[in-house]
Amino acid sequence: MCSIVSLQEQLHEEQQQQLDQSNAATYSNTTNDVWNYVVFVSFVVISALIPIRKRLCRRSTNSKSKQDYVFGAGHISTLAMMLSIARGTLGVISVLGYPSEFFYRGSAMWESLYGVITAYPIVCFVFIPVYFDLGITSVYQYLELRFNSRLVRCLASGTYILRTLLSLGVTIYTPTVALNTIIGVPYWVSLLSITIISIFFNALGGLKAAVAADVIQSLSMTAMLVGIIIYCAVTVGGVDKILTISSENDRFAFFNFAADLHLRVTTTSAWLGELFNSLSLLGCQQNFVQRYLSMPTFSQIRRTLMLNIPVVILLFSLPWFVGMAIYAIYWHCDPLKASVIAKMDEILPYFMVDRFDNVPGVWGIFVGTLFNGALTLNISNINSLATVTWEDFLSLIPALRKKSDKHQLNVIKLVGTIYAVVIMGVGFIVGLLSGVIESSMLIISATSGPLLGVFVLAMFIPFANWKGAAMGMIASHLSILWIVVGRLLESNVSDTLLETSIEGCYADLMEAQKNASLLVVTLDEGINVVETSDLLNRIYSITYMYYGVFGTVLTVLAGIVISLATWSSHDQYNMKMLHPAVRWLYSRCPFSGKHFGSFEVATSGGPTNKETIPKC
């Protein structure tokens with residue numbers, strides 16, 4: 001009898017110990033969650049208030065002008081502008097996407113950095129000299145001055161607005177997934193929060209506040225990525241161990257110059273494709289050109305862009321090093337293959353949960369950085385969208401054009417607020433319909449080439465006219481759109497991942513992987529593949545890395561042919577719109593002054609090359 005009582009007491013004590021441990025764990029998790037919330041909210045609030053602190057403190061005495069809102073009135077430091085421009089190459093999608101790209105596909109896409117680096121000097125010495133002395137506010141105003149056509153200007157600016165709205169919808173939706181998965185914040189709360197803060201910035205900030213927010217985001221994201229690399233290096237036994245594990249498992253794939261257009265990425269396609277995309281982004285997109293033109297002298301622009309190259313190399317490469325470091329942790333136990341995560345882009349959030357769940361505040365910093373990354377991109381682009389809309393569309397309305405500078409600024413801010421709400425709506429749609437993500441990527445792929453192509457026509461083709469430019473853009477849009485849609489709907493494009501292992505996983509994860517494999521087999525049996533002709537299938541399966549190249553070439557070729565066929569005396573323009581080198585060459589060509597493009601061939605009484613460039 002005594003032994004039974006003793007056994008019952010022992011069991012009771014063990015149950016009590018387990019209960020105490022469970023309560024302690026629950027208390028610890030609750031405490032950690034509180035810290036994560038506090039750190040997350042504090043990080044976002046501080047990051048949002050610092051850029052506009054002076055505006056808040058001196059609101060009554062500092063009245064911001066339209067010029068200050070759009071260009072920062074020339075008071076933005078070179079270092080801040082460098083980080084802001086470089087920030088455009090390191091978005092939230094790249095922070096989550098590049099580590100998973102390295103983990104599951106290797107380093108091939110890393111070589112797109114070559115294209116980014118090559119684009120900087122081209123933009124600096126080819127595009128900027130044409131823009132700088134024209135006194136323009138919208139980069140698309142240049143197209144109207146060159147082609148004497150509001151249609152070409154509206155096609156370019158409308159394309160930019162549509163592409164930016166859709167891409168920003170995807171951008172602001174990205175951190176909401178992490179917030180919902182990790183902290184449990186509903187999607188609508190995250191989207192509404194980003195929108196409200198963006199509207200607040202848009203009303204009080206302007207370009208200067210957007211640049212300051214970019215600086216904060218660049219520094220915080222860099223610190224977070226460096227911290228992850230240091231942790232992984234210490235965990236696995238050094239940086240050399242990280243490199244060795246990646247090398248032994250075939251993760252390094254550099255200098256593949258294969259000429260096959262159907263390979264997903266090679267050294268050639270990575271460099272050439274990214275070069276054309278970066279030229280379209282850095283040289284023809286309003287939010288970047290707006291930053292260049294906010295600087296007072298061309299020498300400062302040149303210095304900023306050239307010094308920015310090593311900064312871009314660092315910011316672009318950091319996520320790849322993070323992918324390499326995470327692979328060194330999970331190379332023997334792939335969370336995706338073990339069905340712990342559903343998508344490969346979740347590898348970095350999973351790493352943060354797996355390794356730092358018991359460290360108070362770490363999750364808050366990580367999610368806060370992602371949230372702030374989407375927020376700053378939204379703020380920067382809203383400023384540019386509102387500026388383009390005013391300059392290219394609303395300023396045509398006589399009633400608005402006659403308003404004072406203060407009223408014009410209020411209209412621009414109102415337009416920015418409307419865009420913030422529209423972007424939030426796109427974010428909601430992304431959450432409901434997964435196809436919207438593909439649609440936004442389709443728009444981006446289909447517009448990079450046409451935008452770059454129309455600027456090439458304007459700067460380098462003396463006999464290009466508005467009819468050739470407009471039809472070239474339209475033809476390029478439709479052609480690339482057709483290829484992308486065909487790729488998504490009908491082509492069986494190979495998207496194989498590199499081999500991963502689950503030998504180091506636990507038994508329960510192995511069982512989960514087995515069940516997931518059975519599910520995949522079952523799903524695969526129900527998929528019907530649409531058959532297409534061999535020629536169409538080969539066209540559709542061309543790697544998307546070349547879409548920007550094809551779009552640019554098609555725009556230029558179509559523009560040249562149509563311009564030659566339709567040139568008339570009404571298409572004459574001021575030759576100062578061409579690049580200086582092209583003007584020099586053109587003046588020495590056999591047909592100079594005889595056939596195309598120069599006011600030298602105008603009828604008597606017409607304008608001359610020496611006339612002042614008209615303002616819109």
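Positions of Cβ are set from backbone N, Cα and C atoms, glycine also.
Remember, it's a predicted structure, so these values are computed and weren't measured experimentally.
Sequence annotations record features per position, and here TrEMBL assigns transmembrane segment to 34-52 (among others).
Annotated transmembrane segment per TrEMBL: 73-98 (among others), in sequence order.
Look at TrEMBL and you will find 118-140 (among others) tagged as transmembrane segment.
The transmembrane segment feature in TrEMBL is assigned to 152-173 (among others).
Annotation comment: TrEMBL describes 185-207 (among others) as transmembrane segment.
Long-range contacts of the transmembrane segment (219-243) within its own chain (CB-CB distance under 8 A, at least 6 residues past either end) are made by residues 43, 47, 83, 90, 95, 314-315, 318-319, 321-322, 324-326, 328-329, 351, 355, 365-366, 369, 372-373. The transmembrane segment annotation in TrEMBL covers 219-243 (among others).
The transmembrane segment annotation in TrEMBL covers 263-284 (among others). Within the chain carrying the transmembrane segment (263-284), a Cβ under 8 angstroms from the stretch's Cβ atoms is held by residues 85, 88, 105, 108-116, 118-120, 122-123, 126-127, 139, 156, 254-257, 448-449, 451-452, 455, 494-495, 543-549, 552, all 6 or more beyond its ends.
Residues annotated as transmembrane segment in TrEMBL: 305-330 (among others).
Here TrEMBL flags 361-379 (among others) as transmembrane segment.
Here TrEMBL flags 411-433 (among others) as transmembrane segment. For the transmembrane segment (411-433), same-chain residues at least 6 beyond its ends with a Cβ under 8 Å from one of its own Cβ atoms are 66, 69-70, 165-166, 168-170, 172-173, 176, 187-188, 191-192, 194-195, 198-199, 202-203, 378, 382-383, 385-387, 389-390, 394, 400, 403, 440.
Residues or ranges marked as transmembrane segment in TrEMBL: 439-461 (among others).
Summarising the annotation, TrEMBL assigns transmembrane segment to 544-567 (among others).
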With a Cβ cut-off under 8 Å, give me the same-chain residues at least six positions beyond the ends of the transmembrane segment (118-140) that come close to it.
70, 153, 156-157, 160, 271, 274-275, 278-279, 282-286, 289-290, 292-293, 298, 301-302, 305-306, 308-309, 312, 387-388, 391-392, 455, 459, 577-580, 613, 615-616
